[in-house]
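Participant: According to TrEMBL, the protein carries these features:
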type     : residues : note
ACT_SITE : CYS10    : active site
ACT_SITE : HIS167   : active site
ACT_SITE : ASN193   : active site
DOMAIN   : 8-252    : domain 'Calpain catalytic'
DOMAIN   : 518-553  : domain 'EF-hand'
DOMAIN   : 583-617  : domain 'EF-hand'
REGION   : 411-443  : region 'Disordered'
SIGNAL   : 1-18     : signal peptide
Amino acid sequence: MNLLFLTGDCWLLAAIACLTLNEKLLYRVIPPDQSFTRDYAGIFHFQFWRYGEWIDVVVDDRVPTCRNQLVFTKSFRKNEFWSALLEKAYAKLHGSYEALKGGNTLEAMEDFTGGVTEFFELSEAPKELYSIMKKALARGSLMGCSIDVVSASEVETRTEQGLVKGHAYSIIGLEECDVVAKNTKIRLIRLRNPWGLVLWKGPWSANSKEWSSISIADKENLRKQTVEASEFWMSFDEFKRNFTKLEMCNLTPDALQGEERHSWTVSINEGRWVRGSSAGGCRNFPDTFWTNPQYRLQLNEEDDDPEDGQVACTVVVALMQKGRRMQRHQGARFLTIGFSIYEMCGQNQHLQKDFFLYTASRAKCKMYINLREVTERFRLPPGEYVVIPTTFEAHREGEFILRVFSEKQSTSEEAENTIEPGQIQQDKKKKEKRKLLEPEEETEEEKQFRAIYQQISGEDMQICANELKTIMRNVLAKHSEIKTTDGFSLETCRSMIALMDTDGTGKLNLQEFKHLWKKIKEWQLIFKRFDQDKSGSISSFEMRNAVNGAGFHLNKQLYDIIAMRYADEHLNIDFDSYICCFVRLEGMFRAFNAFDKDGDGIIKLNVLEWLQLTMYS
């Protein structure tokens, strides 16, 4: 099967050529029960892996032509159209043919298989490269190699030994044979040129003298493996000298179902970077780096057959950004992304700023780069680690998927993913203790509250939101350490009443007001701790610690929502917004606890209850 292309998506063609080497993988992408004759309906189905799941893409059989010729990918055979239809479905997946310009072969290989890809510069290849490739082939991995070009004029040119520059060759076999006369071994690699019969002319090419150096049995075994005319053998050393890069696609267990192969263990986590909350940037931004998403990685078992004799676990970490190619027409470009790995032990809380200031990373990606995915292979001792995926610059928003492939069993999960209303539980304990105490005498501050309250509340001795706003303005005027522009907003006062209104009157009595003020003072002390420049506002990145300081434990998604809801355009949260957030948090926890009769963390509401809960909060 030979293919041609006419546009800037030769990267896609190379991936299609690799796909044809494995019939099972090909039929996963192109379901085999389709044709232009039997049950023909003018449409065709294709399946692609998309951020952790396989999705079905349906296209009609109309493909772009010019002068009665296919414009894009086409086969040498005039009556073969599956590659053009596959390309059309893939273009639909990404939004347009235009979105396929300037891609990467690794992207398409992942979308066709659901695997994770690795890239090796052969001039800087690790010493255990042969072993890595041998294991990869045993697992059914797809591999390709190519020779880089430095200018457009070099594309399609041939080297003296017959290799074509800019073409992607498929790697389909590795063997190690005895050299009879020298009592040594020679490592050989089998390649295929998907574009035709332009073959290798150097050592170990057809009929070369090197074949006489191995036994007849080895010679016959190698020639039996060469089933296509476009396949050839070369020595592994010549391979590393003549080619410049190697691309490898490691398959997931689901792609190998029904095959007796040792497969990877895979864990997948999805997340996103949110400006003002979790888009902390790389280590160049020490004040915000700690706010990035954090994922715990547990490596339990070492590899079976390490070549260096070290007790270590092989892991491949892959960070992929989502949806950027599809948004290209809206001006979106791939973010510059990367990740770091830190060793830690026995902690599932979100690691704080000080940890990263005084702890060096155990491993990290070689560079931050603006590709769809950054992948790196590591060998780490068994233990606990935390993976920090980041953008290079702070405040850059995007979605991502983090995958970890390991040879042995491993687990990964997001840190600090539990939700607990800690402050409310503390309140209950305090109330139980107060029952045992004698009533306390009013403090001078409480006497002042009573005087102001009685002056404004009127005959019913209760205050509404407008009256609460007036009282708060008068009280805050006597507390210079609490900085607000003009007291609290009317909306914040309404939320305060909803929180403290235990009798459902829509107003506060004196005791409810005193309890509210105590809460505000407690929260104000926390605010003061993080308002280090005394500006009357705190950074949205510090809101996570302020919330924790108040006794609440939230997950990353809720911290992101808080930043989006309460931070201003400069990513700061003023005191009024800060108090409004805490009032809302405590009110929602209290409401949930009231409905959660059996304490299992699950409630069931009808429409009326839901509306009452959300409207009056």
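Just so you know, the numbers here start at 1 and follow the chain as drawn.
Glycine is no exception: its Cβ is also placed from the backbone N, Cα and C atoms.
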Participant: Across the domain 'Calpain catalytic' (8-252), what is the average pLDDT of the model, as a whole number?
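Facilitator: Average per-residue pLDDT within the domain 'Calpain catalytic' (8-252): 85.
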Participant: Measure from the CA atom of ASN193 (active site) to the CA atom of HIS167 (active site) and give the result in Å, rounded to a whole number.
Facilitator: 8
Participant: Give the nonlocal contacts of the domain 'EF-hand' (583-617) in its own chain as ranges (CB under 8 Å, at least six residues past its ends).
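Facilitator: Long-range Cβ neighbours of the domain 'EF-hand' (583-617): 421, 423-424, 492, 495-496, 498-499, 519, 547, 552.
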Participant: Sequence gap of 6 or more, Cβ distance under 8 Å: name the residues on the same chain that satisfy this around ASN193 (active site), in order along the sequence.
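Facilitator: VAL164, HIS167, TYR169, LEU199, SER230, PHE232 - these are the non-local Cβ neighbours of ASN193 (active site), listed in sequence order.
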Participant: What does DSSP call HIS167 (active site) in the simple three-state scheme?
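Facilitator: Note: HIS167 (active site) is coil by DSSP, not helix or strand.
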